[in-house]
């Protein structure tokens, strides 16, 4: 009888190794049901049952109890026992799923893997910046030295360079060609913004980045030998097409690569590479006086980016959103290995799955229409469709025509680029303290105020003070431009993030095309007022829209589904 009582007293969670009592058949419920474990449990019971059977009545009772439990153990197959264990565990711990964000944080928010990958995807941004602004120097007549005392020189100037303007006669009545070429470049950007944004969400960030790098290098090399200005313009459009696929995708890829506490630095660091590219461009343009050689100096080093197909990894976050868990596991394991971290075992099975209840189609069929399908998404999209063209028009307009307030093109261009460095530092220091919304709204408002002050006081103050005002306005625009990429990427969910950034960038090209005609055509015809007044009014509008229509995203989890934006229960 004592044996029987001992068996009945055992807890279901105790093991034979922890207790002196004889194990029971119930032990099989909490064991991993291999044949070895079952034998270890059943053999002592069989021996004890045979021994007790010789002791009479008590043995009979024990034998009955034993047969009952053994019979119960035999009825439950091994697979069912494992299932029973899982079911009981789920009842006891209903919230044992691993969140995707915790996996990324566990692997290191900005470890060695993220640092190397991000630096690699930022290097092409410097070359993108060169392609965007190269037309400013390629078409410029600033590389002439004028000497009024030398009567043998035509118009009193000595030509030191061979520019596109000289080759295809873009002066005087043909000045519209200058604006047209740069506008065609931005039309290429417009097409690329939408195409690259959507495709990056469909086929992946890495593939879009790589093929845009290949196309950019190809078009850049062909620019050297373009026989006519309109063929040159089409090739410029090709390089423009690749800009969103390189810069925009790089920023999104970077944001998805790091932890949330580092997301604000992604667009900041990317912008630093753009500034470096602009400074390198102006330096090369000063010494390389033939526009064809200038294009060669930009294009040839870019050939190294062909190797990116083998060195850049796809976004693990995007792979998980597409349920490509095997591919995601490769990236995450590479991250864990380089960061010297440990991957959770069977993380894909244990991960908390987020089902987007707003989806009406398959997971991979989100498109531009989903940006306006639901109320909160629609509100965010419309606000960004105001912010992006205004900020882009001001940014490119004040960069392409940096000498609008007077001075040497080379000096004012470098000064304009250098103004972006303190702007970037301000963003790095304050974006997480003040937040994205106040940083964007406040900086674009500041730009508008200084432009207005420049217009009102231009004839009342020395010229150098007017230039300083314009440089401050350019720095403020640079702050808003840098913040805008981070802000927009955080406002939209993973399933449609690149599409959102792509569509916003498409709208931004409207502003860029407008800026081209203002900078290269209208300012020469009608004066600086055609730049200052529109920029001021639109800057005020963008500031108001962003402040009243958009939420703050600082220190908020990066949304993965539209349902999270709309506040639906997932």
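From the backbone N, Cα and C atoms, a Cβ is placed for every residue, glycine too.
Caution: TrEMBL annotation is automatic and unverified by curators.
The region 'Disordered' annotation in TrEMBL covers 1-24.
Summarising the annotation, TrEMBL assigns transmembrane segment to 118-138 (among others).
Under the heading domain 'Major facilitator superfamily (MFS) profile', TrEMBL lists 122-554. The predicted model assigns the domain 'Major facilitator superfamily (MFS) profile' (122-554) a mean pLDDT of 85.
TrEMBL lists 208-235 (among others) with the feature transmembrane segment.
Look at TrEMBL and you will find 241-258 (among others) tagged as transmembrane segment.
The annotation transmembrane segment is assigned in TrEMBL to 265-287 (among others).
Long-range neighbours of the transmembrane segment (293-312) within the same chain, counting only residues 6 or more positions beyond its ends whose Cβ lies under 8 Å from a Cβ of the stretch, are 117, 120-121, 123-124, 127, 130-131, 134, 137-138, 206, 209-210, 213-214, 216-217, 220-221, 223-224, 281, 284-285. Residues annotated as transmembrane segment in TrEMBL: 293-312 (among others).
Among the features that TrEMBL reports, transmembrane segment is placed at 381-398 (among others). For the transmembrane segment (381-398), the list of distant contacts is 132, 186, 371-372, 404, 416, 440, 444, 447, 470, 473-474, 477-478, 480-481, 484, 488, 491, 500, 503-505, 507-512, 514-516, 518-519, 531, 535, 538-539, 541-542, 545-546, 549-550: same-chain residues at least six beyond its ends, Cβ to Cβ under 8 Å.
Annotation comment: TrEMBL describes 410-431 (among others) as transmembrane segment.
For 438-458 (among others), the entry in TrEMBL reads transmembrane segment.
As annotated by TrEMBL, transmembrane segment applies to 464-487 (among others). Same-chain residues lying 6 or more positions outside the transmembrane segment (464-487) and placing a CB less than 8 Å from one of its CB atoms are 248, 251, 255, 263-264, 266-268, 270-271, 387-388, 391-392, 394-395, 398-399, 402, 404-407, 412, 415-416, 419-420, 422-424, 426-427, 431, 436-437, 439-440, 443-444, 446-448, 450-451, 453-454, 457-458, 501, 542, 550, 553.
If you look up TrEMBL, you'll see 499-523 (among others) marked as transmembrane segment.
The annotation transmembrane segment is assigned in TrEMBL to 529-550 (among others).
Put simply, of 118-138, 208-235, 241-258, 265-287, 529-550, the stretch with the most CB pairs closer than 8 A to the transmembrane segment (410-431) is 265-287. Counting Cβ pairs under 8 Å that are 6 or more residues apart, the transmembrane segment (118-138) and the transmembrane segment (529-550) reach fewer than 3 and are not in contact. Panel annotation: around the transmembrane segment (529-550), residues 379-380, 382-383, 386-387, 390-391, 393-394, 397-398, 401, 404, 437-438, 440-442, 444-445, 447-448, 451-452, 454-455, 480, 487, 491, 518-519, 522-523 of the same chain, lying at least six beyond its termini, place a Cβ under 8 Å from a Cβ of the stretch.
Long-range contacts of the transmembrane segment (241-258) within the same chain, counting only residues at least 6 positions beyond its ends with a Cβ under 8 Å from a Cβ of the stretch, are 109-110, 114, 117-118, 121-122, 124-125, 128, 131-132, 188-189, 191-193, 195-197, 200, 205-206, 208-209, 211-213, 215-216, 219, 265-267, 269-270, 274, 315-318, 485-486, 489-490, 494, 497-498, 501-502, 505, 558. Same-chain residues lying 6+ beyond the ends of the transmembrane segment (265-287) with a Cβ under 8 Å from its Cβ atoms: 118, 122-123, 125-130, 133-134, 137, 143, 247, 250-251, 254-255, 258, 294, 297-298, 399, 410, 413-414, 417-418, 420-421, 424, 427-428, 431, 478, 481-486, 489. Within the chain carrying the transmembrane segment (499-523), a Cβ under 8 angstroms from the stretch's Cβ atoms is held by residues 139, 175-176, 178-179, 182-183, 185-187, 189-191, 193-198, 200-201, 244, 248, 251-252, 366-368, 370-371, 381, 384-385, 387-394, 396-397, 400-401, 404, 485, 488-489, 491-492, 530-531, 534, all 6 or more beyond its ends.
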